[in-house]
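One structure below.
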Amino acid sequence: MIFSGKFTSHLLNYGFKPNNLRLLSTSTHPTIYFTGIQPTGIPHLGNFFGSIEPWTELQNSVDKNILMMLSVVDQHAISLGPLPANELRQNTHQMTASLIACGVDPNRTLLFRQSDVPQIAQISWILGSLQTTSKLARLPQYKEKKERFKKGDIPVGLLTYPLLQAADVLTFKATTVPVGEDQSQHLNLLGGLAYAFNKTYETEIFPIPKQLTRESHARIRSLREPEKKMSKSSGGPRSRIEITDSRSTIIEKCQKAQSDNAGKVTYDKENRLAVSNLLDLYSAVTKTQTSEIDFSNWTTLDLKMNLAEAVDKRLAPIRQKFEELQNTGEVDKVLTENGEKAREIAEKNLEEIRRTIGFL
């Protein structure tokens, strides 16, 4: 395992000694992959290419004896405040169905709902005793999101979000966490907490998880505002393509996507960002590099229609599988059975932790 300079620097805050680096890189813990995804309902293409597809590719390529865990993190979904119960329930069901439709295999990936494993919250509380509010308040994501609360009435869940995130991983002693670069600081904090716990209690209970970031296509951006990433939080429905969108909806959204009137299509992010954004999306959907696409004779209308055709072709089987799942009890069955399996692992690890710190 190779640690970045930032990561090693972060561990220094917990009393880490540089000559102990080898101890961290020779963990005897079995390899366990873990990641989480918030239940925001139906995923869009940004979610698909950014996290779901990389996970399914990993799932289908690693040794079958390696445990892979994917959590639908419904407790994180209320970190900014409560949601209507029916909305959260529906979003969780839709996200789970979407993951299965996109290729997440519940027989290969332990796909479960976070709130079905109460041990995670208990371990989050324990980790909180090793962290300070000042360090949590300095994290960039906290600084950014707290600005939404102009009156200063910031939910506690926003501040402690990284502790729960760390508990998600450490509860299962995960060794590898596939996440984007935007989560690097939270993962650094996670590693620091694992090290601090081990050092405080003179144990090796927790592995120091490593971040797995794959090289991928350019970040999927909004169809209406190409300077921003594709998101449900801004831009409106026409700014994104969801994985269950109908063919007609996909065509309409592509036709109305921002472009320009500069004639033939060229790839120029500096001067033609909107057109380049559509080419990046076409590249991701067709699994080709932008340099391999012959768009020399395309107009912007050609680009939009070709993009719509490619997106519909890619999403058609996913859309069909999602619809099939709506008429069965498979989603609930997966959440129930895998929730039991996840709790069994978590309870065993929690008992070890409780004995270590003196609760037992």
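Including glycine, each Cβ sits where the backbone N, Cα and C put it.
The range from 59-63, 229-233, 269-273, 354-358 that Swiss-Prot describes as motif ''KMSKS' region' is residues 229-233. In this structure the residues listed as binding ATP are Gln38, His44, Leu45, Gly46, Asn47, Gly180, Glu181, Asp182, Lys229, Met230, Ser231, Lys232, Ser233; their two most distant Cα atoms lie 20 Å apart. When the binding-site residues Gln38, Asn47, Ser231, Ser233 are scored by other C-beta atoms within 10 Å, Asn47 scores highest.
Each residue contributes its Cα atom, and for Gln38 (ATP binding site) and Asp168 (L-tryptophan binding site) those atoms are 13 Å apart. Only residues 6 or more beyond the boundaries of the motif ''HIGH' region' (39-47), in the same chain, are considered here, and those with a CB under 8 A from a CB of the stretch are 72-74, 77, 88, 90-92, 94-96, 98, 102, 219-221, 229-232, 240-244, 281, 284-285, 311. Note on the region 'Disordered' (220-241): DSSP counts are 3 helix, 2 strand, 17 coil.
Over all protein chains present, the Cβ of Leu45 (ATP binding site) has 24 other Cβ atoms lying within 10 Å. Per-class residue totals from DSSP over the motif ''HIGH' region' (39-47), listed helix then strand then coil: 3 helix, 1 strand, 5 coil.
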